[in-house]
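**Student:** Grabbed the feature section from TrEMBL, which reads as follows:
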TRANSMEM  69-87  transmembrane segment
TRANSMEM  99-130  transmembrane segment
DOMAIN    181-360  domain 'Formyl transferase N-terminal'
BINDING   G190, S191, N192  N(1)-(5-phospho-beta-D-ribosyl)glycinamide binding site
BINDING   K236, N281  (6R)-10-formyltetrahydrofolate binding site
ACT_SITE  H283  active site, proton donor
SITE      D324  site 'Raises pKa of active site His'
Amino acid sequence: MHEFQLPKIELPASKECFHQAADSQISFLICESVAKKRPIAIFLHFLSHFWAMFRRLKEKWGLSWPRFILVFTTFAVGGSLCGYTGKRLMALTSLEKGVLYYIIYIVLITIIWPGCVLVVSLFTGQFPFFRNYLTKMWRRVNGQWSMVNGESKLDTTSAMDHGLSSNPQSDTRDQTSAITRIAIFASGAGSNAAKIIAHLKNHASIQVQLVVCNKPGAGVIQIATDNGIPVLMIEKEKFFRGNAYVDEMKHRSGIDFIVLAGFLWKVPAALIEAYPNRIINIHPALLPNYGGKGMYGRHVHEAVIAAGEKESGITIHYVNERFDEGEHIFQARCEITDTDTPDTLAQKIHELEHRYFPEIVEQVVEGVRKTGSPEVR
């Protein structure tokens, strides 16, 4: 009898392997097996790739593990349903299996797959996610972004190749005829984002096209999903590196305007340069007082109460390269009583935000669309 022997495989040194995979128990097992050159290391090596892929997808989509499992299950069951349905439909054609059969089969399942996945998603409770996912996938495949009322489409890639501007504010088309697409940046529960989305839901010329979030599991992600709005999860190092997300924002998503609604990171200079006077923020105090780095949320209200102020309010302003120092657009005030606490003041501020922020966003965007400058009444 001849003994079967696995071919010798050059594997990474254990020290380097442990350094690269210290954050995962699965990776630990892989490294241990690799270090001892066990055959099972081959299986664990492939397993680690799948594990890393799942983690990246989970973080990219901003899902909890239970919901990610439901989404993945929907993909699997939807794919199986698609394959089964495709075979049953092909059986009706009486075609023999051959080149033509498989070409038609591939085209058929490509067409019916979205419908199968959406049907399954109704039963798994993931319909909003898949509606959003398929919409975004279609936009990427199509490679175009549409004009309003069925007018001609502009392929941004072709425009760039021919030296034309892909910036909706700087090209020569009639700006009042196109949809202005805004992105909402948020880090938390998303109450302001929800109000803006609701306010602009049926707007004729302004559309919330994208929600950008830096915190997996933030409430704003669910708000976006429920409204069928794509979510872009951003990484801190990549965000501050320069223009890493500018291409995604301008050319892939066609974003014209950015609204910061409880977004806690400083906006990098590259993004500000890409959107001059097209980024606005709301601050929970009357700037220039109680602004700057670290002054957000409860920290602001505590400082206002501690200083014995008799009033506070909100400031909506343009964003520049310094915290809370951009040109003011709008302010609204509220009284502070002797019995107010940071919590009760926060409630008053939230009421002002929810009342005025959506309206001001609409007015500023409309003003920019029509005249190139804000029109705030």
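A Cβ is built for glycine as well, from the same backbone N, Cα and C atoms used for every other residue.
Surface or core, plus neighbours and distances: that's what I need for these features.
**Tutor:** Beyond its flanks by at least six residues, the transmembrane segment (69-87) meets 54, 61, 63, 105, 108-109, 112-113, 116-121, 124-126, 129-130 of its own chain at Cβ-Cβ distances under 8 Å.
Following the DSSP three-state reduction, the secondary structure of G190 (N(1)-(5-phospho-beta-D-ribosyl)glycinamide binding site) is coil.
Remark: N281 ((6R)-10-formyltetrahydrofolate binding site) has V259, L260, F263, I316, H317, Y318, V319, D324, G326 as non-local neighbours, by Cβ distance under 8 Å and separation of at least 6 in sequence.
Summarising the environment of H283 (active site, proton donor), the number of other Cβ atoms within 10 Å of its Cβ, over all protein chains shown, is 26.
Secondary structure at D324 (site 'Raises pKa of active site His'), taken from DSSP and collapsed to helix, strand or coil, is coil.
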**Student:** In whole Å, how far does the CA atom of N192 (N(1)-(5-phospho-beta-D-ribosyl)glycinamide binding site) lie from that of H283 (active site, proton donor)?
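**Tutor:** Answer for this pair: 12 Å between alpha carbons.
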**Student:** Please list, in sequence order, the residues in the chain of S191 (N(1)-(5-phospho-beta-D-ribosyl)glycinamide binding site) that are at least six apart in sequence and whose C-beta is under 8 Å away from its C-beta.
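**Tutor:** Those within reach of S191 (N(1)-(5-phospho-beta-D-ribosyl)glycinamide binding site), by Cβ under 8 Å and sequence separation of 6 or more, are G262, H350, E353, H354.
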**Student:** Reduced to three states, what secondary structure does DSSP give N281 ((6R)-10-formyltetrahydrofolate binding site)?
**Tutor:** strand
**Student:** Provide the three-state secondary structure of K236 ((6R)-10-formyltetrahydrofolate binding site) computed with DSSP.
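**Tutor:** Helix, per DSSP.
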**Student:** Under 8 Å Cβ-Cβ from K236 ((6R)-10-formyltetrahydrofolate binding site), six or more apart in the same chain: what's there?
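**Tutor:** Listed in sequence order: N214, W265.
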**Student:** Give me the long-range Cβ neighbours of G190 (N(1)-(5-phospho-beta-D-ribosyl)glycinamide binding site): same chain, 6+ apart, Cβ under 8 Å, in sequence order.
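**Tutor:** Those within reach of G190 (N(1)-(5-phospho-beta-D-ribosyl)glycinamide binding site), by Cβ under 8 Å and sequence separation of 6 or more, are V211, A218, G219, V220, I221, I223, A224, A261, G262.
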**Student:** Which has the fewest other Cβ atoms within 10 Å: N192, D324, the recorded positions listed?
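**Tutor:** So among N192, D324, the recorded positions given, the one with the fewest Cβ atoms within 10 Å is D324.
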